[in-house]
Amino acid sequence: MAITRWFFSTNHKDIGTLYLVFGAWAGMVGTALSLLIRAELSQPGALLGDDQIYNVIVTAHAFVMIFFMVMPLMIGGFGNWLIPLMIGAPDMAFPRMNNMSFWLLPPSFLLLLASSGVEAGAGTGWTLYPPLAGNLAHAGASVDLTIFSLHLAGISSILGAINFITTIINMKPPAISQYQTPLFVWAVLITAVLLLLSLPVLAAGITMLLTDRNLNTSFFDPAGGGDPILYQHLFWFFGHPEVYILILPGFGMISHIVAYYSGKKEPFGYMGMVWAMMAIGLLGFIVWAHHMFTVGMDVDTRAYFTSATMIIAIPTGVKVFSWLATLHGGSIKWETPLLWALGFIFLFTVGGLTGIVLANSSLDIVLHDTYYVVAHFHYVLSMGAVFAIMAAFVHWFPLFTGYTLHDTWTKIHFGVMFVGVNLTFFPQHFLGLAGMPRRYSDYPDAYTLWNTVSSIGSLISLMAVIMFLFILWEAFAAKREVMAVEMTMTNVEWLHGCPPPYHTFEEPAFVQIQTR
């Protein structure tokens, strides 16, 4: 029974649960790797060994957090669970392909871990730039295994994207237009389109790198007429949309949570929110070279990428102020998901502001590859994506399980986590402005103070992670069942009770459209 249910599942709820469990587990691995990094940097001098092993840990930390934590949780977990419920579909459009999308991830994860176990590991950073990722600087199978791992994760995401696009467009009731679907549905739709358009470019780039390493081609080798800068263009044409893929589903979840706990029946400016997400999705594809301001592009090219990058701040601002407008005048229920959502709005905005700073090509020449960049993207990921995941988890946990989390404990957990991540990443702005470079395992004594503070912050975050595991255990042990759900008419996913039956919407939903 367990084997047929969990290994061969074609049920969106079960596959969503598999994604949530896998993502949580990978999150533990990624957190462990990050704590190794912060332990190494807690004081000057070596702890783990040389820079190679350090960079292997950094690289693995990035890949694990991006491909095996954030994406499986947001898109695979919440997407699978909520989207069919929100549009009244009996399941995903391609339920068996959905199962395959999930089961490609554990082998992919295995290949990534294997890459660290053979030879010297892949100490390239998650960007895998040649010539460092070439077969001279990284002889052996490590980088090849990493590339195969990325191939599997990429296929998984492409199949998932096809599935979500088909489901969202074709499986809603005929009477409902796309502009009547909830914002989370829109967010995942736009995310899926971004995945579908960007991942093939990454696949091309890393396949060319694979043949450069093993088949003696010279796509990225100047000796044979190639150019390593070509790889950077291919990688970042994927890499920049990828960072929007990581945050867009979070935008959708935050919209739902802010509206729900403000006592509003809809978020402020629904159409503005949709168009803002579409604008972010489009602009995300035409700003990639802002990651390459230091490789010697023309001044007019740099001017274009600076301006285009700054334009993204406009739709992002539309979203931030719409969330604040949703809160305005509401009867606010100060429950934990709202705390996570407010933390998201504030800290994501801070991360966005440092992003505007980095968009200036002149300033980026100085700040590129310093801890200022690390601080910037960890504010939008570690306090944007992760806070959105936590908000969504605490909010929808009763829907998934039928049990409620302990109210006071989750609030304490939020407080500890909030202090921990800010103490970890805020000082890194100072280190970056003082010129401390990224991806080095050691540093001059002058940088000791803020590195020590940052590492203490990481230990506080670790306490929060352990506290979260306790909260989960407590909820399943206490078994406080959900009594009643409010506002089901504007939050359709709750309509079937907590937890919903194994099969929902087995016959088409009846939708009555009001005509004035």
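Just so you know, glycine gets a Cβ as well, placed from its N, Cα and C.
What Swiss-Prot records for 1-11, 87-94, 171-182, 262-269, 328-335, 401-406, 479-516 is topological domain 'Mitochondrial matrix'. According to Swiss-Prot, the feature transmembrane segment maps to 12-40, 51-86, 95-117, 141-170, 183-212, 228-261, 270-286, 299-327, 336-357, 371-400, 407-433, 447-478. The feature Na(+) binding site is assigned by Swiss-Prot to Glu40, Gly45, Ser441, with similarity to another entry given as support. Annotation comment: Swiss-Prot describes 41-50, 118-140, 213-227, 287-298, 358-370, 434-446 as topological domain 'Mitochondrial intermembrane', evidence class similarity to another entry. The Fe(II)-heme a binding site annotation in Swiss-Prot covers His61, His378. Feature annotation from Swiss-Prot assigns Cu cation binding site to His240, His290, His291. Under the heading O2 binding site, Swiss-Prot lists Tyr244, citing similarity to another entry as support. As annotated by Swiss-Prot, Mg(2+) binding site applies to His368, Asp369. Swiss-Prot lists His376 with the feature heme a3 binding site.
For the transmembrane segment (336-357), the list of distant contacts is 247, 250, 254, 257-258, 260-262, 309-310, 313, 316, 320, 323-324, 363, 367, 372, 375-380, 383-384, 387-388, 390-392, 394-395, 405, 407, 410-411, 413-414, 418, 421-422, 429: same-chain residues at least six beyond its ends, Cβ to Cβ under 8 Å. Annotation: stretch 407-433 has the most Cβ pairs under 8 Å to the transmembrane segment (447-478), among 95-117, 141-170, 183-212, 270-286, 407-433.
Listed in chain order, the extra residues whose Cβ falls within 8 Å of the Cβ center of the Cu cation site residues His240, His290, His291 are Trp236, Gly239, Val287, Trp288, Ala289, Met292, Phe305, Thr309.
Sitting within 8 Å of the Cβ centre of Glu40, Gly45, Ser441, and not among those site residues for Na(+), are the Cβ atoms of Leu41, Pro44, Ala46, Leu47, Leu48, Tyr54, Asp442.
Within the same chain, the residues at least 6 positions away from Asp369 (Mg(2+) binding site) whose Cβ sits under 8 Å from its Cβ are Thr294, Pro437, Arg438, Arg439, listed in sequence order. Summarised as a single figure, the pLDDT of the topological domain 'Mitochondrial matrix' (262-269) averages 95.
Within 10 Å of the C-beta atom of His240 (Cu cation binding site) sit 23 other C-beta atoms, taking all shown protein chains into account.
Counting only same-chain residues 6+ beyond the ends of the topological domain 'Mitochondrial matrix' (87-94), those with a CB under 8 A from a CB of the stretch are 10-12, 80, 162-164, 166-168, 170-173, 176, 181, 185, 492, 503-506, 508-509, 511. Taking the C-alpha atom of His368 (Mg(2+) binding site) as reference, the shortest distance to any of the binding-site residues Tyr244, His291, His376, His378 belongs to His291. By number of Cβ pairs under 8 Å, the transmembrane segment (371-400) is matched best by 407-433 from the list 141-170, 183-212, 407-433. Cβ atoms under 8 Å from those of the topological domain 'Mitochondrial intermembrane' (118-140) belong to residues 51-56, 58-60, 62-63, 66, 146-147, 206, 209, 212-214, 220-221, 228, 231-232, 235, 239, 439 of the same chain, restricted to positions at least 6 beyond its ends. Within the same chain, the transmembrane segment (183-212) packs against the transmembrane segment (270-286): three or more Cβ pairs sit under 8 Å, each pair at least 6 residues apart. Listed as Cβ neighbours of the transmembrane segment (228-261) (distance under 8 Å, sequence separation of 6 or more from its ends, same chain) are residues 66, 70-71, 74-75, 78-79, 127-131, 182-188, 190-191, 194-195, 197-199, 201-202, 204-205, 208-209, 219-222, 267, 273, 277, 280-281, 284-285, 287-292, 295, 319, 323, 326-327, 332-335, 337-338, 340-341, 344-345, 348, 377, 380-381, 384-385, 387-389, 391-392, 395, 487, 491.
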